[in-house]
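Peer 1: Sharing a structure here in structure tokens format.
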Amino acid sequence: MGWQVPKPDAAEAGGLRSGPRRGPAAARQGAQRAGAGRDRVAWLIGWALVLEYTIGGSAVARGISPNLALFFGGQDSVPWILARHQLPWFDIIVDPCAAALVFVVTVLLCVGIKESSFAQGVVTVLNACVMIFVIVAGSYIGFQIGWVGYKVSDGYFPHGVNGMLAGSATVFFAYIGFDTVASTAEEVKNPQRDLPLGIGVALAICCALYMAVSVVIVGLVPYFAMDPDTPISSAFARHGMQWAMYVVTSGAVLALCSTLMGSLLPQPRILMAMARDGLLPSFFSDVNKQTQVPVKSTIVTGICAAALAFAMDVSQLAGMVSVGTLLAFTIVAVSILILRYVPPDEVPLPPSMQESFCLNQECDEERDRGLLGVGNCNLSQTKDVIVVVESVKDPLIDKRLHKGKMDETKRRKIASLSIGSVCVGVLILASSASATWLPFLPICIGCTIGVVLLLAGLSLLSWIDQDAGRHSFGHSGGFTCPFVPVLPVLCILINTYLLINLSGDTWMRVGIWLLLGVLVYAFYGRTHSSLIDVVYVPAAQADEIYRSSSGYVS
């Protein structure tokens, strides 16, 4: 078979670079800089998820004890060892019951993924039955009393749209369990099919049940008259249905226990993944041989969550969880735009595939030497190589290759500017719309500038082509995000607006957490990262290696 003139990307993958080749030291330094940049983003996402799950579990545990107190006849009748106490000289109310529940769930998670999943499935089914009961029985009461909750004197939106969105940002942690499915991908038999299906179906069912329960309860009791600790149970007790109060309380306890388990389950897996990348000590990546569960990470997560549930209030915890969740989701949405339009030219090769890559490189070099050697190749092969070299030097071919590279460089530059325009426009628009304390004119000017930048960036992203290798980036055959760029841009806009509407105290606590993460990364993760000495290869060549290692024919 004769040689053919390679395409620009194939030429780059094969080593036919038009410019001067980098030496080993320069290539290693460039790889280290690229790996450090990617490490920082990965660390920020992982550290935000740690905040989300650990504190989310603590907030849920803190809400279980008031519901359990109803079975004892109120907070005053709870046994002393489980009751809440206020520490002297401190404005802190400790909750031993919440900490004990976290330890119980931690032990259950250490037993094994099958056992904990079965227990969570049973609890979830019972919880769904209780929620259906709340909807049916609450609707019956609502039609009898005329839905008094919707007839308040200050209107249906007493705090306006901004107040509603601020509340949405605070209770956003109620939806953190859905990405738990993705964090357990290693323990799913068919993740490519089951993960998107499980997330989509679970999200649809829970959204329908959440909204229906909220509509019923808000209609039964005005928002200002609700008990913040036990809103659903107290709503039925207020209308004389004491027996229903115990049913609802049982469902609330089951729901919170299921949510607590779902919050603590993915956290050890995230720590294990970060430890495998070298960002955390290898202690967190140890998996128990009998239970196939990262027991050490689970125990550490349980201890931290129990300490937070013991000492912090629900309102403080909920805001911090929302910040961690929204930050992680926003970074992921921006990363989708980057991977679709301006993915990196070179990707890290896993250590398990570096040996096969080096063998392929040696084989290619030996083949080239054999073809160009005087005594080791026949005359026709030598002529073919000479023809290829002369053809590459042809002005017309060189012009076409140069033009293709220029067009691709121009497209990537436009895409980068468009993504930046979208991010800046979203930040200006969300900040201006949330600044209700400003005069009307500055708000209008800020919103106008933000809308112009946002729409300009979105229009350019919709107009230009996405990267040719976007669907085969990294491992081939995975599912991809639909409706790009509209869906990621909407996600960035909504999440940023919710983040800005959170309180200053919440941002101060989260700032301390992020500062702690910076210190951990600076003194450990930066120097122990697996990307420091990793081999970087062109993206197209990496995809071929992935396919060949998976049994596919290139």
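Quick reminder: no glycine exception, Cβ is built from N, Cα and C everywhere.
Sharing the features that TrEMBL gives for it:
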type	residues	note
COMPBIAS	21-33	compositional bias 'Low complexity'
DOMAIN	479-529	domain 'Cationic amino acid transporter C-terminal'
REGION	1-33	region 'Disordered'
TRANSMEM	41-61	transmembrane segment
TRANSMEM	92-113	transmembrane segment
TRANSMEM	125-150	transmembrane segment
TRANSMEM	156-178	transmembrane segment
TRANSMEM	199-223	transmembrane segment
TRANSMEM	243-265	transmembrane segment
TRANSMEM	293-311	transmembrane segment
TRANSMEM	317-339	transmembrane segment
TRANSMEM	414-434	transmembrane segment
TRANSMEM	440-464	transmembrane segment
TRANSMEM	476-500	transmembrane segment
TRANSMEM	506-524	transmembrane segment
Peer 1: Take every residue in the domain 'Cationic amino acid transporter C-terminal' (479-529), average their pLDDT values, and give the whole-number result.
Peer 2: 86
Peer 1: Cβ pairs under 8 Å with the transmembrane segment (92-113): which stretch of 41-61, 125-150, 243-265, 414-434 has the most?
Peer 2: 243-265
Peer 1: The transmembrane segment (243-265): which same-chain residues, six or more beyond its ends, come within Cβ distance under 8 Å?
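Peer 2: Hits for the transmembrane segment (243-265): 53, 56-57, 60-61, 63-64, 67-68, 70-71, 101-102, 105-106, 108-109, 116, 119-120, 123-124, 126-127, 129-131, 133-134, 137, 174, 176-177, 180, 183-184, 230, 232-234, 236-237, 298, 301-302, 305.
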Peer 1: Using a Cβ cut-off under 8 Å, which residues of the same chain at least 6 positions beyond either end of the transmembrane segment (293-311) come close to it?
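Peer 2: Result: 53-55, 57-59, 61-62, 92, 94-96, 98-103, 105-106, 109-113, 263-264, 267-269, 271-272, 275, 283-287, 317.
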Peer 1: Find the member of 41-61, 125-150, 317-339 that has more C-beta pairs under 8 Å to the transmembrane segment (414-434) than any other listed stretch.
Peer 2: 317-339
Peer 1: Counting by DSSP, what is the helix, strand and coil composition of the domain 'Cationic amino acid transporter C-terminal' (479-529)?
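Peer 2: Per DSSP, the residues of the domain 'Cationic amino acid transporter C-terminal' (479-529) fall into 40 helix, 0 strand, 11 coil.
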